[in-house]
């Protein structure tokens, strides 16, 4: 039998148990609430806080999901600013590309088809370049200046172009091959990186002054002399001559012997003659200048083409990727002819490159202005279909663009610009140029219509301004690529042109076509704005105008 105290003691023990249980429940509830705040509410607040970071993305939800992934992996925090998030995103992007390289290399080694092997070789080269470009972009963004922001936008635009080029090369092959390269993911990340960069503002530390079309006084005496001198008087580091009077007999040998990642200008002088070879200036060959005895005297010639098994990318007689490349007083040609379809004479993917007083001859796809910032001056470019194409930020000044007689039933297209995203800082600008017919086309103009361009990609962007347009230009001015593809998203413009082909009354009525009357609308396509020429062309010594004549 229980004593009188026992019920009281039992009741007290139960009360203590209840109190303990309530405390435990409260603590558990508190931890659950904290968990929800940290892992559910915080990311939501983070997403709201950084929604502006994705405001220009084509797929804003995908962009935000990438940002959320960075937070969930504790790579960034809710306090991280936009630039810090972008840099972490790019570091992760480099890892993804490095992971893709051995996969693509293994695919290439397992393939016996020469065309597929060639396409994968191109992809490997482009992936390797892209890793460097993204790494350079991270360093540029970290400096947080307007000029470095522009550099990063150019380089990241090039990365997206590289991925799309790889996709284009593989497009005719199996879907499994494309999936194996992880290209779709890499392209998505490149677009998101550009969108993030576009949303971040930086202080404007550049003051771009209008140029006067002459060499600036601040150019070093050596660089000015290089641009003004003839080849034989230039004081070259290496000389190429077919007759053995130079150190090298081929340009390819001289380029291979040039120093890697040079900090100063390295000059190769190529004596007059016809050199049958294909030459590549790799990304390691920086600040390289190749100069000849004149566009009619020193000729580099090749005939690689798509019909005979080459890729468009690797059909180039001369390809240049190394930053700061200069080509002067030389003819580059591809003699494959119109029946061989795509056959590139010159491909340029070198940032801050200059082509001065050169002749570039071929038929279809003559000049592949592939990517990065480029400037062409006093040069002569001939071709038929899409004879200036690619996705560089490129300005032509005082050049002659000459349409040739194409193959039967073909039409001439001066340009085919390949911008794939509105955040890419790319486009083709033709200023102070003459667009004319060759002597063999002139008698048969009615048989072979010539257009200023057609949209190769969705956001194609080309402006022709302050130029002479010959009577070869069809009154419509511009041609379709495939039905209504890109007609609403492209940007084609004409400003202050003259000549029999310059009338705009019968031009296309597409939403993306602009007959520009306000100089302010034309300014983004000048040397100063499109390629930021005021900050780098001055150091090359080439003559240029960085604004509009008016």
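Cβ coordinates come from backbone N, Cα and C, glycine included.
Under the heading N-linked glycosylation site, Swiss-Prot lists 179, citing sequence analysis as support. For residue 179 (N-linked glycosylation site), no same-chain residue that is 6 or more apart in sequence has a Cβ closer than 8 Å to its Cβ.
Among the features that Swiss-Prot reports, disulfide bond is placed at 331-358 (among others). For residue 358 (disulfide bond), the same-chain residues 6+ apart in sequence whose C-beta sits under 8 angstroms from its C-beta are 295, 327, 328, 329, 330, 331, 332, 376, 379, 380.
The Cβ of residue 364 (site 'Transition state stabilizer') lies under 8 Å from the Cβ of 338, 341, 342, 343, 383, 384, 385, 386, 387, each on the same chain and at least six residues away in sequence. In the three-state DSSP classification, residue 364 (site 'Transition state stabilizer') falls within coil. Sequence annotations record features per position, and here Swiss-Prot assigns site 'Transition state stabilizer' to 364 based on similarity to another entry.
Feature annotation from Swiss-Prot assigns active site, nucleophile to 386. Of all Cβ atoms in the shown protein chains, 24 besides its own fall within 10 Å of the Cβ of residue 386 (active site, nucleophile).
Within its own chain, residue 399 (disulfide bond) has 376, 377, 378, 379, 380, 381, 430, 433, 434 as residues 6 or more apart in sequence whose C-beta sits under 8 angstroms from its own. Residues or ranges marked as disulfide bond by Swiss-Prot on the basis of similarity to another entry: 399-433 (among others).
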Residue 331 (disulfide bond) in three-state DSSP notation: strand
Surrounding CB atoms that lie within 10 Å of the CB of residue 331 (disulfide bond), all protein chains: 21
Cβ-Cβ neighbours of residue 433 (disulfide bond) (radius 10 Å): 24
Where residue 179 (N-linked glycosylation site) falls in three-state DSSP terms: helix
